[in-house]
C-alpha cells in the first residue's frame, strides 16, 4: 500500500493525506472567522492542495487517486449517520404535514434544477444530475446554522429538520438511480443495472428492518467491539454495493437505518461521529482535489444563474412548507431561508458524475456542483443570519 | 402547566415548558448530552438563549432545581460532593478579587473556569440562579458548581490565587458521597 520512499517533489500516501487534511482544516478555520460554513471550505482546501492550484504553481500537488478509497469511506459514513438518525416511525408520525411540505420541496426544486440543466445544454442525464444537485439542501450546514443561531429552539426547526429527513429518503432512491444511469449507455441499457442496484438496496433495506433486533448482540458490548464491528458491517455492505453497481452511499444509509433501530444507537453515534468527521473532510477535500479551478471559472455564469433562480425557489417552497406546518408568515419565511444552503449531497452527486464516460458530464457537472455549493452554502448562511433584515424587506416584522 | 416534547432529527430533543401567559422555557437536549436552555417571550418571538450546560452539569443543576437537599459541611471552604466529579462550593469573595465589583458575565466566570455561579448571597439576601448581568461585591458569598478542576480553577482565578494543593476535610479529588466526616454530602437522593 505504501508508495515506497518518497521521491523529491513527490508525497507519499500518508503525507499526501496529512497535507490535504491540514490544508482543509486551515482553510476552514480561516473561513469560520467570517462565518462561512466548513463544508465548502474543506472543498476549497482540496482545490488549493490539488493539481489545479498547488500543481500549477510548482508545489507538490496531491493526486486524488491516492485518496479515493478513504473519500469513499467518508461518503459511506456520512450517509450511515443519516440512516442512523432516520426513523420510519418519525416519518410516519409526521406524514400528514410533512408529506405536503416535502412534496412541495421536491416538486418545486427538482424541476427547477432539471430546467437549469437543460438550459446549460447538459442533456437529459446532465439535467437529471443538476436537478439533484439543486434540489438537495445540506443537512450538515443547515443543522449547524440552526444550532449556532438559536433557531433550533424556534418553531421553524421542526419543518426544516422534517423536510431534511424527507430529502434524505429521496436522496437514497435518487442516488441509486443516478449511480446506475451515470455509467453510460441508453436508459434501456441502464435498466438491468437499475434493477440490480435497486434489488440489492431493497435487500439491504429489508435486512436492516428484519435483522435489526438480532444485530445488537452481534455488534458486541465493549466500545471497541461496537465501533470496529459496525464499521466492518458498513464497509462490507457498501463495498458489495459498489461491486454490483449500486451506490455505496445508499448502502451505507441502510446499514445506518439498521444500526439505528438497535439499542446501540446512541453509543454508535457517539463513538463513530469523530471517525465520520475525519473521513468526511477527506471526502470533501478529495472533491476539491478533483476540481479544476479553470473549469469552475468556466461555469461561473451558469453557477450564478442557477443560484439566482434556485435560491429564491427554495425560499418559496420552504415558505409554503412552513405554512403547511401552520407557522406564521414570518416563521414560514425563515423555514424557507434555512433550507437554502446546499452542500454534502450535491457534492456526492458531483463525485458520482466524475464516473461518467461522457466528458461533458464528468467534467462540467462536478465543476458546476463545486461552484454552486460554494455560492449556495455561503448565500444560505448569510440569508439565515440576515433573516431579520430580509423579513423587514418583505414587510414582515415581529409584533 | 404543559410540557411539549418534540424530536429534532440529527440534533436531539426539544422540550417546551409553559411559564404562564405565552412565555415558554425551551430546553434543547443535544444527542451529545449538551443542554441548551432558551426563553421565548411569546409564540412569535425569537428564542433567546439563556445558558448551556454539559450533560453532567445539567444533571447536577437539575438535582438542585428539583429541591434535593444538599447538606453543607462546615469546613474552611464549604463544599458538597455530589458524586461523580461534581461539587458545589461556597466562597466569600475577598477584597481585590477580580470578581468584586464586576458582573458575573464581565468576569467571564464560565469561560475562564468552567464553573458556574448558582447563587450569590449579599448580607442576608440570597439571589438564586443569578442573572449573568448580576453584580458581585467583596464580602458576598458565591455558591459555585462544577467539576473539582473547574471549582479549583474558580478558586485560583477569583478567590485565592496562592492556594496550592488546597485541602479540605471533604474528600480528596473524587471523594464519594459521605467522604470526610461522614456527613452525607450527596443528600436528598
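The backbone N, Cα and C atoms fix where each Cβ goes, and this holds for glycine too.
Residue ranges A:12-29, A:264-281 are listed, and TrEMBL annotates A:12-29 among them as transmembrane segment.
Here TrEMBL gives transmembrane segment for one range in the set A:68-86, A:87-105: that range is A:68-86. Count of Cβ pairs under 8 Å against the transmembrane segment (A:41-62): among A:12-29, A:68-86, A:107-140, A:194-212, A:361-383, the largest is for A:12-29.
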